[in-house]
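Features reported for this protein in TrEMBL:
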- LYS80: active site, charge relay system (ACT_SITE)
- SER155: active site, charge relay system (ACT_SITE)
- SER179: active site, acyl-ester intermediate (ACT_SITE)
- 25-470: domain 'Amidase' (DOMAIN)
Amino acid sequence: MNELVTLTAAELGERIAARQISSEEVTQAHLDRIDEVDGDIRAFLLVDHDGALDAARRIDARIARGERLGPLAGVPLAVKDLFCTEGLATTAASRMLEGWIPPYDSTIVARCKDAGMVILGKTNLDEFAMGSSTETSAFGPTHNPWDLERVPGGSGGGSAASLASFQAPLALGTDTGGSIRQPGAVTGTVGIKPTYGSTSRYGVIAMASSLDTPGPCARTVLDAALLHEAMAGHDAMDQTTIDQPTPAIVEAARKTDVSGMRVGVVSELAGDGYDPQVVARFREAVEMLTDGGAEVVEVSCPHFDLALPAYYLIQPAEVSSNLARYDAMRYGLRVDDDGEHSAEQVMRATRGAGFGAEAKRRIILGTYALSAGYYDAYYGSAQKVRTLIQRDFDNAWQTCDVLVSPVTPTTAFRLGERIADPMAMYRSDLCTIPANMAGSPAGSFPIGLSQTDGMPVGMQVMAPIMADDRIYRVGAVLERSLNEKWGTSLLAQAPELGGER
Ligand code: GLN
């Protein structure tokens, strides 16, 4: 493996700025790595070889002219295929949008380009970001680099797998119920869901608009913070964005200090149904925080258990509305448009052919939950539960600075194991959904490996709204403690690819 693909984004950025290496060399090394391993991993739906090299050469030329660019200038980036990219096909992993080329960049993609990042390509996901394994992608699943027979999580499995297999140093994700954090945990990478509204949704294909949150995916805490800082901030094109400065997350990631921090362990998010190895690594990680000077207390959040059922009313309701726009008239697929069929028949045939089974399930569930006579019983009750969850968080912040839990009840499961059992699939997000319901920021950090299956385990750190910096402080301490314990990073132990690691 070329050494360049093993460097962190921060290191790459520094060396490129100092002209020790060129962005073109770095980009070429990652494209070579993709060619070498992605046939097995399938993290990418599209690789933009020429576009990436062109962009890299342009950055090199600007640096050669003496321009001072940001810390990530020239660093390659993988983009979840839910973000619109001007001139590059964007599919949401659905047949419905196959071949559609957006005429504009999402705000976040535009900001990453402005910061000098080089887009390698578009990564695989569950169709319209609905799922926890990437298996609902219309273009086939992504494989977990730690064990090709296992899922890389979802919906952002492609982004996480591209990082874990050293095909990209940075990636973009979106998190509606866990799609950044759960793939992060099961691939041994870092994933942060920022405060809802602190990262722009403009040009991100809408799934459940009151929950969708773009965020950074990386291999190190500092890299995630650097990408987060480049993405975040108010956007006039997204009315829900918060007009406040982003907290000092890069500074927090460099601090590596939790002394005096009050850490709450959520009682409800461990115990029955959790893999004992996940719980064991979680307890060890809590110890690491205690050793770092944090004050650890147990906290009850009694309504967190209701988050999953409430999510599966609110999320499908918003999906049924958002996905109504795929009507065969405006975007992508159109079936039976032969002059023999009415517009309604074309619409029906297109929606029947274009959406996969999970998308249809959610549209039907959501339409039912919103229908006259059922609205109060289902959607209305779920919104009340959402308020109760927000109150649990508010109560917790009286005594704690952050809350911690496992990210997922189990390690990465086998491909095919849960796809026929939606409830089993949905339970993968038991721990991650509460933060989405409250709009709170939350991150996932690697904390070790299961001794039973050798797969990575993650810790979730949740913080109050617009206190995203606290998540990075805790993450940095976990990362340092783990690296000191092992004398190496977690990903250095991934057994699969090439054997160099
Ligand atoms: N797995 C959850 C779902 O299927 C969350 C997905 C996401 O965060 N995009 O809805």
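The backbone N, Cα and C atoms fix where each Cβ goes, glycine too.
Everything TrEMBL records as a feature, shown here on the structure.
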residue : record                               : CB count, 10 Å
LYS80   : active site, charge relay system     : 31
SER155  : active site, charge relay system     : 34
SER179  : active site, acyl-ester intermediate : 36
Reduced DSSP assignment, LYS80 (active site, charge relay system): strand
Cα-to-Cα gap, LYS80 (active site, charge relay system) vs SER155 (active site, charge relay system), nearest whole Å: 9
Rounded Cα separation (Å) that holds between SER155 (active site, charge relay system) and SER179 (active site, acyl-ester intermediate): 5
DSSP three-state assignment for SER155 (active site, charge relay system): coil
